[in-house]
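Asks: Could you have a look at this structure, given as structure tokens, before my questions?
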Amino acid sequence: MEDQTGYSVHRKILDEGSVDEMAEKSESKTLLSEKVRKSVRCSGPRLKECLLRSVPLLSWLPRYPIRENALGDMISGISVGIMQLPQGMAYALLASVPPVFGLYSSFYPVLIYFIFGTSKHISIGTFAVISVMIGGVTERLAPDSDFMIWDNVTNSSNVDIISRDAERVRVATAVTFLAGIFQILLGLVKFGFVVTYLSEPLVRGYTTGAAIHVIVSQLKYTFGISPVRYSGPLSLIYTVLEMCYLIPETNIGTLVVSIVTIISLILTKELNAYLSKKIPVPIPVELLVIIGTVVSWQVNLGEKYGVDVVGIIPSGFQPPVFPEVSLFGQVIGDAFALSVVGYGIAISLGRIFALKYGYKVDSNQELIALGLSNSFGGIFQCFAISCSMSRSMVQESTGGKTQVAGALSAIVILFIVLWIGALFEDLPKAVLAAIIYVNLHGMMKQFLDIPVLWKKNKVDAAIWVATFILTVLLNPDIGLAASIGFAMLTVIFRTQLPTYSLLGQIPGTDIYRPLEDYNQVRQVPGILVFRSSATLYFANAEMYQDAVGKKSGIDIAKILSAKKKQEAKRERIEKENAKKAKKKGPEQKDIAFVELEAEPEPSHPRAIILDLSPVNFLDTVGVKALQNIQRDYGQIGIEVVLAGCQTGVVDNLQTGGFFSDKVTNSCLFATIHDAVLYCQSARAQEEVIKVI
């Protein structure tokens with residue numbers, strides 16, 4: 001290790017008032033009205049900047065390098081478009097709407113994001129977690145039981161599928177439109193930071209729990225059974241029990257199709273991994289959709305073996321219809337959860353690619369872009385979207401450089417919907433379920449996070465596990481709210497249970513460290529330096545006061561109680577002596593009783609320094625706690641001063657009424673060492689700090 005250069009600093013001891021005077025603290029603060037006036041002020045350059053920021057397409061498309069990017073974007077767009085076909089239909093089943101609506105959701109929102117989005121690599125469209133959340137809403141508000149009709153031929157009641165699906169589409173578009181409005185509003189008020197409340201362990205635990213819901217919801221297509229749909233907390237447990245009860249009724253043809261498809265998908269993915277360095281474009285797994293459709297059509301799986309197929313896929317798009325406002329009140333909570341989860345997943349993946357390729361993703365603009373995609377999509381019969389990790393990885397690995405790849409994928413979907421969609425009417429739903437299972441393998445690998453997090457940070461591991469359990473048991477909507485609540489509680493508990501330390505000086509320096517953590521640190525004689533690792537507010541103010549007493553070894557309540565009793569006794573003796581003096585005659589009346597102040601307890605420190613450098617704010621309860629400490633210890637002859645206050649904390653002390661005629665900002669010091677030297681010398685202002 002190289003020798004460190006020594007240095008020497010000579011200055012006076014600085015309290016807060018001296019620092020403000022030397023640094024010429026500014027008292028001027030920008031008024032809210034001035035901020036508003038400045039934000040709405042308009043000029044030519046400002047208008048252009050605002051337009052380019054609001055519509056990013058206008059800034060990058062004119063400079064699009066065709067030679068460098070066109071080929072890669074085209075290959076990537078076609079690859080992702082082919083992926084959108086089975087995923088769109090499969091995730092529509094998760095949302096409990098007809099498969100063709102998944103294709104609509106892979107078209108309109110992608111084009112809107114192409115215009116307004118800032119990420120170059122994420123693939124916008126249907127996503128499993130979002131789809132299963134929508135499925136929970138649609139099946140809650142439009143259950144099968146509301147659409148039962150009597151069949152005179154079979155003398156049994158059947159579900160009116162056409163009416164049920166139409167109502168579920170209305171519910172899905174309403175919740176999607178409202179989620180988009182929430183995202184737009186959050187983006188306009190610059191609330192992009194709201195995603196910070198979704199920590200990475202929480203997001204990964206949540207998506208893993210939601211993936212379990214996705215898998216369970218698709219088991220009915222794998223086994224060809226029709227379980228009762230449950231909703232509310234513990235519905236997943238009831239559904240699994242119902243599945244186990246119905247296993248003997250499994251459709252063998254459907255199960256065989258599922259097993260063959262899953263094995264084929266796994267083998268194809270392994271082959272792609274093996275040949276990844278030898279072939280420029282991976283073998284499209286989605287070809288199995290075409291193969292499955294052809295086999296189903298040739299063998300007539302639907303009629304001969306009772307295998308459930310996709311059914312009618314109308315060609316063309318649905319006309320725009322404004323969502324039913326009457327449904328908004330019933331889906332407002334679900335819409336907000338969708339807006340937060342969808343944005344959280346998209347911005348997390350977007351930032352990963354932005355960091356990798358050296359560009360910036362605007363979090364607020366991303367909110368607006370997703371909001372416009374969902375709100376316009378809701379009008380055009382789409383359900384809520386986000387970004388898919390599997391499609392985004394394909395878009396990147398096949399050479400996609402910009403969102404032109406996304407626009408090209410939308411054109412592929414346009415071609416499918418207009419001309420060849422009807423060819424997939426015989427596609428077994430079991431094939432779509434198998435595609436969902438295999439696409440979720442990445443989320444299942446997230447269980448490996450638990451041992452890694454346990455080694456790094458046990459609180460993060462607890463958040464992951466708790467989020468997973470809450471999501472599985474309470475469903476994705478309520479589970480998300482409960483998970484965020486649990487994560488916030490861990491923060492509160494950590495501020496309620498901070499580490500309290502006594503600090504000592506490293507000899508020959510002005511550096512102070514906890515006495516229990518360092519062997520060569522020495523406590524300054526007669527001075528106690530106290531620090532809390534957390535900020536000081538109502539939740540831990542009382543514990544802060546108790547910790548000061550415990551670390552100093554002073555039972556302040558007991559001492560003050562004894563002092564009050566002593567004072568009461570002294571007053572009683574004075575009164576008795578006064579009565580005796582009055583009886584003895586007038587010659588005694590000029591006698592005065594003078595009490596000498598008691599000497600401070602030798603075992604007590606002469607001063608206590610409260611290091612407030614970790615404190616970033618003080619509420620009124622925190623200010624009162626500091627007042628109590630200074631008053632109580634001052635009554636027994638111990639001076640209490642504060643050190644290392646941030647500017648905001650000083651303002652909190654000022655507005656909280658900490659200062660008075662007797663207590664000024666001269667009891668606040670810039671550093672611990674300033675406070676120590678002040679406490680050591682009565683001539684503190686003339687002392688010079690010498691640090692070697």
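Glycine is no exception: its Cβ is also placed from the backbone N, Cα and C atoms.
Remember, TrEMBL labels are computer predictions, not curated facts.
According to TrEMBL, the feature coiled coil maps to 556-583. Under the heading domain 'STAS', TrEMBL lists 517-679. What TrEMBL records for 91-116, 171-198, 245-267, 279-299, 335-355, 367-386, 406-424, 468-493 is transmembrane segment.
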Asks: Should anything in the same chain at least six residues away from the transmembrane segment (171-198) have a Cβ under 8 Å from its Cβ atoms, list it; otherwise answer none.
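Replies: Distal contacts: 95-97, 101, 134, 137-138, 141-142, 206, 321, 323-324, 327-328, 331-332, 334-336, 338-344, 347-348, 362-368, 370-379, 381-384, 484, 487-488.
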Asks: Please report, as numbers and ranges, the same-chain residues at least 6 past the borders of the transmembrane segment (406-424) whose CB is under 8 Å from any CB of it.
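Replies: Same-chain residues near the transmembrane segment (406-424) but 6 or more away: 73-74, 76-78, 80-82, 84-85, 88-89, 100, 103-104, 106-107, 110-111, 113-114, 123-125, 289, 293, 310, 313-317, 395.
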Asks: Cβ under 8 Å, sequence separation of at least 6 from the ends of the transmembrane segment (468-493): give me the contacting residues as numbers and ranges.
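Replies: Sequence-distant neighbours of the transmembrane segment (468-493): 129, 132-133, 136-137, 197-199, 202, 205-206, 208-210, 212-213, 231-237, 333-334, 337, 340-341, 459, 462, 539.
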Asks: Apart from its near flanks, which chain residues at least 6 from the ends of the transmembrane segment (91-116) lie with a Cβ under 8 angstroms of it?
Replies: 54-57, 84-85, 124-128, 131-132, 134-135, 138-139, 165, 168-169, 172, 214, 217-218, 221, 310-311, 313-314, 317-318, 365, 368-370, 372-374, 376-377, 380-383, 385, 403-404, 406-407, 409-410, 413-414, 416-417, 421, 429, 432-433, 436
Asks: Could you give the residue numbers and ranges of same-chain residues that sit at least 6 residues beyond the transmembrane segment (245-267) on either side and whose C-beta is under 8 angstroms from one of its C-beta atoms?
Replies: 221-227, 285, 288, 292, 301, 304-308, 428, 430-431, 433-435, 437-438
